[in-house]
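For reference, the structure is listed below as structure tokens.
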Amino acid sequence: MRFLTAGESHGQKLVGIIEGLPSGMKISKDRIDEALRQRQQGPGRGGRMAIEQDEVHLVSGVRGGVSTGAPIALEILNRDWENWEKVMAWGKEADLESRKVMTPRPGHADLTGALKYHTEVRNILERASARETAMRVAIGSIARQGLSALGVEIKGHVLAVGGVHAEYVDEDAYWQRVKQSEWSVGDPVAEQQMGERLMVARSEGESLGGLLEVQVHHLPAGLGSHVQWDRKLDGKLAQAVLSVQAMKGISFGLGFDMGDRMGSKVHDPIYYCQGQGFKRRTNHAGGIEGGMSNGEPIILQTVMKPIPTLYQPLETVHLKTKEVVKASVERSDVCAVPAALVVLEHVVAWVIAEAVLEKFPADSFLELQTAWEAYIGNLLTMEF
Ligand SMILES: Cc1cc2nc3c(=O)[nH]c(=O)nc-3n(C[C@H](O)[C@H](O)[C@H](O)COP(=O)(O)O)c2cc1C
Ligand SMILES: C=C(O[C@@H]1CC(C(=O)O)=C[C@@H](OP(=O)(O)O)[C@H]1O)C(=O)O
């Protein structure tokens, strides 16, 4: 299974194509649209999110809400396009000289992209923008729906925003708060402090990042493989997570704390339970050993850097005149941690779905489900 996306932040639309999805899988457009709606939320979002009302158009490969096995083409329109048509001048001959962006913003692809592609900054920023993640969420939602039908669930948590860390112990209470609160961290004190931190950042022309966690539940042992570097599940998840704009690190389970502990305080003792098969007493590994899922929940954490466009811009250099000037700022989010969480859940869903299809290649969903159930049954009774 593979996918490709295209589209600029202020172009007409985002497009995507998925190939290799089995036939006979239920695809709910409403679930995709709900994920797109969630990705637009969060108290730190800027003016753009008031303009967009993201909705997916399923163009091919789905009939009557069920996949046909043919490539699935998707589109998401940019409502902002009508305000940018002249600037973008797509497919037209136009004088773009006056529309050049010549003051690259630190923290963005702007300068390096301009050097690498030998072009002004707009040609870089349009595609580097996280607007592209709307399509990755739509595509990931299809993967997530397939996983859900197999009983696999993905949950995301915001762990920290701008240095304010959330505490939560009770999963039920957490999900209750997630439904109620715009920060959705499950810790009312932290939510208030995050709101205050955001107000300060906004008033000072600053921006915020944070820490996020994604968990994958009810996966069997054996997805991914130890035999080749590019088949390792943790490696694939790392690639997908770090490909999301502004993500700068990833860890699994105990993560970087592992480096401070003795081995016996890190590795997860194995036991056997009749009817449940091989289990672990702890899950410090975060559900992956040797590049394979080990049957425990996959738990990964990532760090999002603060949004790079600052309303009090940093210094930069004008590409033509080489003068020291302030970096350009048109409009920006101040904090996009809650939105990024939705993106992360969906890029993780894609990688897991790909790993499922690598282990159980199938042309129809029934074929996949049959192989999946047989394998899980076998894991519980396997003799050596
Ligand atoms: C959901 C989301 C929204 C974002 N919104 C903005 C934004 O409004 N302004 C901005 O400067 N960067 C924003 N970013 C981050 C930049 O796109 C990103 O930092 C930039 O493309 C450089 O890539 P890198 O940080 O991965 O190196 C956003 C990122 C995400 C995930
Ligand atoms: C458009 C989205 O996010 C954008 C991501 C982004 C960036 O530089 O990454 C910059 C901003 O774009 P604009 O300048 O048009 O306001 C965000 O709004 C989106 O998430 O759908």
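Keep in mind that glycine also has a Cβ here, set from the backbone N, Cα and C atoms.
Around Arg45 (NADP(+) binding site), taking its Cβ as the centre, 18 other Cβ atoms fall within 10 Å, counting all chains. According to TrEMBL, the NADP(+) binding site annotation covers Arg39, Arg45.
For Arg127, Ala128, Ser129, Gln245, Ala246, Gly290, Lys305, Pro306, Ile307, Pro308, Thr309, Arg331, the entry in TrEMBL reads FMN binding site. For the recorded site, Arg127 (FMN binding site), the DSSP three-state label reads helix. Over all protein chains present, the Cβ of Arg127 (FMN binding site) has 16 other Cβ atoms lying within 10 Å.
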For the binding-site residues Arg39, Lys305, the one whose C-beta sees the most other C-beta atoms within 10 angstroms: Arg39
Contacting binding-site residues, sequence order - Arg39, Arg45, Arg127, Ser129, Ala246, Lys305 vs ligand 2, Cβ under 6 Å: Ser129
Those binding-site residues in Arg39, Arg45, Arg127, Ala246, Ile307 whose CB falls under 6 A of ligand 1, listed in sequence order: Ala246, Ile307
Ala246 (FMN binding site) in three-state DSSP notation: coil
Candidate with sparsest Cβ neighbourhood (10 Å radius) among Ala246, Ile307, the listed binding-site residues: Ala246
